[in-house]
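Chemist: Have a look at this one.
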Amino acid sequence: MLKSPSNVQVILIAKFIGFVLFSLLTCCFLWVRPEKTAKMLLVMNCISFASLLGIAIWAIKAAHGLGSLLSAGPKVRGSYKTGWAIVQSVSCVVGAIAVGLSNQADFSRFAYKLGDQVAGQLFSIPVFGILVPLLGCITASATGRIYGEVIWNPPVLVNKWLEMDYTAASRISAVFTGSVSQIGINLIDNAYAGGMDLAGLLPRWINIRRGAYLTLIASVLFQPWQLLSSASVFLNVLSAYSVVLGPLTGIMMTDYWFVRRRKLKLSHLYRADSTSIYWFWHGINARAFLAWTIGFVPLLPGYINHINPDIHVPEAMKNLYNLAFPLGLLSSSLSFYILCRVWPPQGLGQVDDTDVFDTFTDAEANRLGIATCHSLNNLDVIKTEKTPKSTVERLELNN
């Protein structure tokens, strides 16, 4: 059925139905709170890795080898071009995880104690960051020998299975292969991350769950399927992350580690008015915008040329773009630090005298030199700090 040209419309409808069903299934998983997803995501990761490994083994067996792609000679000649091609590849890979780097605090804050997330990051980022792309390259190379064309996109490979062998077994394999992985990625990188951002912007009306649902609905408007139309388009999307998020990540790191030296007044982070030391000018930190622009603009010409090679730019601009993430991060970091030294923001070094949100244990509070919130004497202070009503009620009940 899927081989017939007359059934193109049927295939499009089938894909649309699949997209709708996938979105509805994602909605079910979004009902789970982010802090309750650890075990669920562990199971998803194990299933995903097993699926990718199984696909690679199948491809090697069906092709009777690794295929010719891995042994093919380089298309780029000369040490200069080869060197910059490697730099561009590294930048592209970093761009692929740039979203996770910038959103890391959204999830590491659920750790039971300081540093719990470090071991997992040290293992998962380099190990799976090498193994998963390697399995993808092996599979793509093997498909060139199996089908006569290199298939790099997993959904296209799954469709190929259905075209060649439309059986119950192939349909079940098509459903489970990659779908678990995509649901996990959709939850963490897209829905929850967007939900947390929206909840931070509009906490009175939006919580994380509502924000996640709104993000899921809004994602349809951007036609995400267009991003996978070809390998080059997909790589351009990943490169765009480096251009935008490299400078942003640098500003965030510099602000926390070097400008504020890890000292934050937590109670003022949740004040959406001019009484907060983090209000700046109507909620806008001009230093951050200026520093981000300084890191972003030099990368823009090279990025435009990368998307449309017909637009010619100097070779130096192309090389700057190849260094997108590290260059953007360093230039914005340095610019932001200098701006904060020349034009210091309000409230540097200030912290709360009282553990307003019941964040720390008694031992941690004593070590930090702040009063705990487990006494009636401190409740009046907590109430004046505009603590959420639910927190105040809980503290009153405990006392």
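Cβ coordinates are placed from backbone N, Cα and C, and glycine is handled just like the others.
According to TrEMBL, the protein has these features:
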type	residues	note
TRANSMEM	12-32	transmembrane segment
TRANSMEM	41-63	transmembrane segment
TRANSMEM	83-101	transmembrane segment
TRANSMEM	122-148	transmembrane segment
TRANSMEM	233-258	transmembrane segment
TRANSMEM	279-300	transmembrane segment
TRANSMEM	320-340	transmembrane segment
Chemist: Which one of these stretches, 12-32, 122-148, 279-300, 320-340, has the most C-beta pairs shorter than 8 Å to the transmembrane segment (83-101)?
Modeler: 320-340
Chemist: Counting only residues 6 or more past its boundaries, what in the same chain has a CB within less than 8 Å of a CB in the transmembrane segment (279-300)?
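Modeler: Same-chain contacts beyond the flanks: 243-244, 246-248, 250-251, 255, 271-273, 317, 320-321, 324, 327-329, 331-333, 335-336, 339-340, 343, 345-346.
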